[in-house]
Every structure is written in C-alpha cells, then in structure tokens.
C-alpha cells in the first residue's frame, strides 16, 4: 500500500517567516481499528478518532496547550513529550506516578508548557506498556537559528517502529509471569515505516532534503539506509552536530536523527529506503517474520520500485564520533558519581524482572514530584520516596556521572528525562565493568543526546549538570524492560522545586478521579515521613537455590504431574463395562 507523503511525512516550513505562537490541541484519546502491516486488523489508540496520530510541528518559543481527554473507557493514559527539558514545568513531563497522576477514563489533563529547544522529538503515552498500542508519533521543532538553514530545500519526517498484533495488556501478562521465567521478550510481528509498509516519498531531482528520523518502536532497534544515497547526520536527539557522512544509521527505540540527503539529478529510477530490525535483540527468530520494512524515494511515478539489494554486513555510523555544533566542552570532573549495574533475574513470584543494583522499579502510591512538594526539608532524604523507586537526590549545579555496567547479554537504550548528557565513554561488547583507572581519554567536546545504547556485557559513562530542578526518570527504553523495572528516579534540587513549582488545580482533580494520593511519602504517610509502611514494593526475592532454568523445570514438572493426576482421575472415574452374556472377551494375541 502506497501512502501519500503529504499525509504522514512531509511539511514545508518557511522558517524565516515564522514566529512563536500559542498552539492549542484538543485531543480525545480513543480506540480506533487499524491494520498497518496489512496482516491483522486490531484496536489501536488514536487521537480524535484517527490513527496514526498527527505528526506535530512546533517552532522554538511556541507555547503548547494540549487538553488530553481519556475516552478509552478501559485504560488510563498520559502523554510524555520525549526529549523536552520542561525546565520550570516538571509537572508537564508526563510519566504517571512520577510527575503526575494517571489520566483515568473520563478525565481531562491539560499540558501547558513552552518549547525551548529545536530538532527532532516525539510524543507518546508513558502509562505502563501503552504506547506500542499506537499512542506515539514524531514531533519536530523548527528554529530560525538552526545552523543548517539554507542548506536544504524541504523537510520530511520518517518514523520507524516494530508492530505487534496482540494488545499490550495481553502481552505484558504473559511476559511478566511464571510461565516466562527467562524473560524472553515478545518478538514483533512486523516492522513499519510511517506506520505502514511500502511507503513512497516523492522527491525532486537535485534538491536537498532534511529527513527527521525517529524510532517510535517498543523493542527493536533498526538499521536504516537509503540505497545509492549518502546521508549527512546533522542532529541527534535535539542536539545539532557537525555534518558527518553515513551510509547506514543504527536507531534504537526513542532515538532520533536528522540527516541531509541530496537527490540525484536524473529521474530514471527510484531508490529503496530500508529499515531492518536488529535481530540480535530477539530470543527467537520466526521464519515467517520479515525483519525489514521498505519505502522508496520516488523520482518517477512510472518507474519500478526496486527490491532492495542484500547487504553483506551491518556497518552503521558510530554516534560516539559526533561533535555538537555548539562546542560545549567536557564538563569538569564529577561532583557525584552514580553507578548502576544492570541485571535480569527472577523474584519470588517466578517472573523475570529487570534491576539496577538489585532494585526493580515499582510505582509509588504518591507521585514522586508530589512527595517532593509535600515533605518539606525531608525532601532531600531519598528514603521518603520509597525503596523501589530507586531514588537518587542531586544537588543543584552538581556535575553528575552515571556509570552504567551492563551485566546482561543484550543491548539496551537508556533515556534520561529532563536533560541531554555527554557520552564520555562507551565500551565495546563484553568489556565488563567500567574501570575508572583504565579508560581512554575522554573527548574534549563529547557527543550529547538523551538516549544512548549500552552494548552487551559492556558499559558507558554519561556526564551532565544538575541544572534543571525536577523529578526525572532514567530508564531503559525497551518497553518490556521499563515495565519489568529497569528504571531509577533522579530527584534534582528538591528544595528549589518547592519554592518554584505549583501544581494546577485541574491536575489534582485528575488525581482525585484516579484515586491517587497527592501528599506525603511514597506510602502516602503525611505524619511520619520516614514510616513507609504500606508502600508499593516488588515481589519477595526468590528462595535460595532457584534459577531460571530451575523454575522452567519446576513449572513443566508440575504441569506434567497435574496432567498425570488428571489422567488417573479420569480413568478411575470411567464406568467399567462387564461383558454381555454370550459375548467373547477380546484377546489381543493372535492364536490359531
């Protein structure tokens, strides 16, 4: 199915004549029926009865007022504006139980903030497991001071994603369960490009286009390339970079790139654009799954859409080598270092969970931001935020290093809300834990972004300044891992936040409708802030001696035993039929 690019991917911005404005959005979040891969029709989450949701275009300095009404009926919802710093508007960031309450069915939440950045972003639900069901889309912020103004003729937006046929509540129930003790993530059913397959994008010969690339998927990173065309990377995650040529890019879930691509001067043929899911992430490789999605640059409507050529190896550009245009130098030595070790393991309910330093994230009874605002001087003590939020309190202005050691055999894209960070070190695969006494020289002008990959059994070091008071999640952006607990909470300058931030009354009304507490510690205790009795916690640890393989063996042994007992019971309850008079009992032997 060909899709007209004007509907999904293209907008031409006369950037020199635009000015900041107040943009109003009135969104009704509803269920819609869609079949984006042409294989399976299913319910998806749309906006105002439409799916895919609209690609948004802002100008730097715009004020956004988005009224979000939950008309789903059977699920709560939320909207996270991915990549926006929300400096001074932490309560508009979007994650439920972190900076707001869940928007219950029938409730309306108003997001009201000013856009202070430019580049490529996206918006998506941050309610548990929800955005892969469709509530996600690209967002682009233009800027008259964009360093590449005048070097391109038009802009295009290309989203990449994986796609599932089952809805997320069903998938999550089986994923986080005793029947999946190894934590094998569900494998997608398809890859999509702009929420479809066989996308066509009309181009004109000789023109240069600025392509905004966004991975809005739940799980799969994708390799992306355009046959017989060179891309020049000029932006990652809202950070403009010096142009770097690339033939292939690796885009993890939540990452964004802007690339300049100059068209050929002839129109005899069209060229394939390919997104290829990284199958290293998958525990199983279904024979029926096409890991690739193809679109085409259409120079000539009458010419064929060629089948992409096979590639002998995936060799993407290494984003560590990118250099920001603004020349921000390496921050000074860290005032505070946070070391996070990533593991996957089972807890007492038999299910597999994800951990930072042995802690799996569990949402508190009171949103963490609301705890900050209602605990007075105790807000500087991590204990009030609950053990399983993995709280880390930062002082304003401190330089912070995040040292992450990946003890897992898979890749992980990690995202920090409220900031971009300098990526000052990143190891190869199987390098083990970071050794501060034995590392290469840090780059003088490090690459910055808000989502970065750690390699299997590898490590990285991120550095940022705590200059944005707020409550900011740091989490894996593979949705399966986020939902199984791979998250921590940075509480940045909490006492400053108390002086400057006020929650709007309509936000409290949303909390009341959802039955969410809005004051006190993580357990909702307002009298004794250090009494966490009743706080939400993870399942108890697994009894000593149990392993994932042991659980599998135990589960199947129990199933086999139950089936055996049922068979015996069924046989024992069956009626015994005596031979009729005059009949001859059967005899299996063959006698003559």
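Every residue, even glycine, has its Cβ placed from backbone N, Cα and C.
Swiss-Prot records N-linked glycosylation site for one of 74, 536, namely 74.
The candidate list 242, 331, 390, 412 contains one residue that Swiss-Prot assigns to the Cu cation 4 site with 476, 481, namely 412. The stretch that Swiss-Prot tags with transmembrane segment, taken from the ranges 508-528, 550-570, is 550-570.
Of the residues 82, 165, 439, Swiss-Prot puts just one in the Cu cation 2 site with 124, 477: 82. Swiss-Prot lists 126, 475 as binding Cu cation 3, and of 24, 212, 417 the one it places in that same site is 417. Checking each of the recorded positions 28, 194, 198, 476 against residue 292 (N-linked glycosylation site) by C-alpha distance, the shortest gap belongs to 198. Around the Cβ of residue 481 (Cu cation 4 binding site), the number of neighbouring Cβ atoms within 10 Å comes to 24. It is 32 Å from the Cα atom of residue 412 (Cu cation 4 binding site) to that of residue 112 (N-linked glycosylation site).
Comparing CA positions across the recorded positions 28, 82, 194, 477, 481, the one lying closest to residue 265 (N-linked glycosylation site) turns out to be 194. Distances between the Cα of residue 124 (Cu cation 2 binding site) and those of the glycosylation sites 74, 87, 194, 198 are shortest for 194.
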